[in-house]
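Engineer: Pulled the feature table from TrEMBL, pasting it below:
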COMPBIAS  39-57  compositional bias 'Basic and acidic residues'
DOMAIN    17-85  domain 'DnaK suppressor protein DksA N-terminal'
DOMAIN    89-123  domain 'Zinc finger DksA/TraR C4-type'
REGION    39-61  region 'Disordered'
ZN_FING   93-117  zinc finger
Amino acid sequence: MLPTKADCSTMINEQEINVFKQKLLDELNNVTQRLEDHEAVKRDATETGDEVDRANQEESQQLLLNRRQHDLKLMKSLKDALRRIDSDDFGFCESCGDDISMPRLNARPESRYCIDCQDVRERSNGSMR
């Protein structure tokens, strides 16, 4: 008889879940702070100076926008992972249902897929996560 999700959830014990939850919360706080900092920088940006200064400023704004978009995606992933902890789905691949390896969870606790399914996803659509 194959183990059920409830049986497998004991593979990650409560203490480990709490460690992952704290990592996710810490990273969520960091991302939230960065997003607030982005907004402050955006508010403080003024168009002054010559053409070169404005070009540099536009480039900086574009980099900031790219970082902000990345942080918004990361924030969603972190919140999704916290919801998976609350619903006892944390640590299971959303594609195949297998366990996500501990080294992968330690490196990226917001991971939704096991490494094999992640590889397939990346090859099929060329995107990350």
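Note: Cβ is positioned from N, Cα and C throughout, glycine not excepted.
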Engineer: Kindly state the mean pLDDT of the zinc finger (93-117) in the predicted structure.
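Structural biologist: So the average pLDDT across the zinc finger (93-117) works out to 96.
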Engineer: Kindly report the helix/strand/coil residue split of the zinc finger (93-117) according to DSSP, in that order.
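Structural biologist: Going through the zinc finger (93-117) residue by residue, I get 9 helix, 1 strand, 15 coil.
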Engineer: How do the residues of the domain 'DnaK suppressor protein DksA N-terminal' (17-85) split into helix, strand and coil according to DSSP?
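Structural biologist: Within the domain 'DnaK suppressor protein DksA N-terminal' (17-85) the tally stands at 63 helix, 0 strand, 6 coil.
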